[in-house]
Amino acid sequence: MASAVTNKWRGIAGKCLVFGLALLPLGFLVADIINANLGPDPGQVITEALGIAAFQLLLVTLAITPLKKVTGWSGWLRYRRMLGLFAFFYAALHLLAFLQLILGWMDLWATFTKRPYIIAGAAAFLAMVPLAITSTRRMMKRTGRWWKPLHRLIYPAAILAWVHFLWQARSDITEMVVYAVILAGLLVVRARWFGVSSLVPLKRT
Amino acid sequence: MFIKQRPSWSVPESEVTPESVYLNRRKFMTGAIASAAALSIPGLVRAEDTRPGTVLDYKAAPQFSTDEKPAPYDAITTYNNFYEFGTGKQDPSRYASEMSVDPWSVEVEGECANPGKYALEGLLKPHQYQERIYRLRCVEAWSMVIPWVGVPLAEVIKRLEPNSDAKFVYFETLNAPEQMRGQRSLFSTIDWPYREGLRMDEAMNELSFLAVGLYGKTLPNQNGAPIRLVVPWKYGFKSIKSIVRIRFMKEQPKSSWEMIAPSEYGFYANVNPEVDHPRWSQKMERRLPSGVFRPNWIETEKFNGYGEQVAGLYKGMDLSRYY
């Protein structure tokens, strides 16, 4: 009994900690805005920082299952939904910042139809929308056995986000290479552990 | 539809304090503070102008200067593309101090009567410094107004006496990986040193400028100390920094960006709103500094607004082909 209570509190404390950590990038940005610490092109800095935070959280979300496998502790799963929702939260802020701070809501049609890196980013975001919508317990029940294959959309979302990042590179791609290694690692371990077949939606039985 | 808005920080020219008045006020204030401090509490005296660099002796060149308001010194010196020090905009201001610029010499070679290794002072000494306030339009669709100090490129070239075979001028930036951390990067696609070039008639145009200073003082390293090119009607990457080599050539040289992505960056790289970069539009630019919540978009002008002086250079050329 006592240990169950302790576990419950531990779980809550853990969630608070993860919640706080996930808010840090936003906190730093707000502090920089208040202190006018973002240089002559603050819109660009804000937009980039939000995008990077979204991508990093997407990678952390993807790391949960491998972490569980490696450590044998299934407690990691508790934080997966929150991390995924934070990734979506930052992606949504990133998109809003791009529209307001960079574009100023101008030239929308050309931007979203003619610029490949924007299209890749928009596709990554669109892939995350159904995941966020179906993240609640109730939606999990309603989607039933389709929930799992649907949520494999996180793989194309992460890859598209990386492509979105790569296609903005002008000369030095060191950062992109580092992220590629991490992302490839996270995808490859899945293929190995679950067999490549588990990367495609389950068949109806 | 785009509406040209006056940026929040913009002031009409009539409100700008003439520099001489401003400097005199500074002198007066420094004097006043100094004497007050001497009378009361010692230790309160502070130099008013804390910007690094040596004060340069120059005269203004208003006929070549825009009356738009220059970007603040901090904006110009903390927001730079100088990939030798990293690709982040703040990397150059953080790491460019690792470059040593004194002594500095420039190797002059190729089709000219006076080749040789010139000490920087020797290259510049015969010339009177000018201040020119130019617009700088980056290929990334942002721009700034910058008060450069330097000498017209044509004056320097004339002294080097290029011969009739000199159709192009080629420039190279310092190549020193031990001083430039960006050159040590494993995944850079730039084949160092950074190279640029101009057609001879472009180089001899009255707007082409060799800058050695900014806001009246010698250039900070991140802005291309001790000597850099400024070609205001072309995208910023043509204005090569920290020059160590000038070569007069018969053939058109290849520039660094042309070598990396010829479909994105041409040799000419004239500012042109009609020719988009394959990845983004060039019709507009964000004039920096920009406010936090409102992008400061203005329309990009052909040849960055310097068409009157340079459009003749490209008569009969298809600028969508020779971009």
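Easy rule for this one: first residue shown is 1, then count along the chain.
A Cβ is built for glycine as well, from the same backbone N, Cα and C atoms used for every other residue.
Some features that TrEMBL has for this protein:
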| type | residues | note |
| --- | --- | --- |
| TRANSMEM | A:12-34 | transmembrane segment |
| TRANSMEM | A:46-64 | transmembrane segment |
| DOMAIN | A:50-161 | domain 'Ferric oxidoreductase' |
| TRANSMEM | A:85-105 | transmembrane segment |
| TRANSMEM | A:117-133 | transmembrane segment |
| TRANSMEM | A:153-170 | transmembrane segment |
| TRANSMEM | A:176-195 | transmembrane segment |
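Contacts between the transmembrane segment (A:12-34) and the transmembrane segment (A:85-105): present, as 3 or more C-beta pairs lie under 8 angstroms, all at sequence separation of six or more. Residues in the domain 'Ferric oxidoreductase' (A:50-161) partition by DSSP class (helix H, G, I; strand E, B; coil) as 100 helix, 0 strand, 12 coil.
Per-residue pLDDT, averaged across the domain 'Ferric oxidoreductase' (A:50-161), gives 94.
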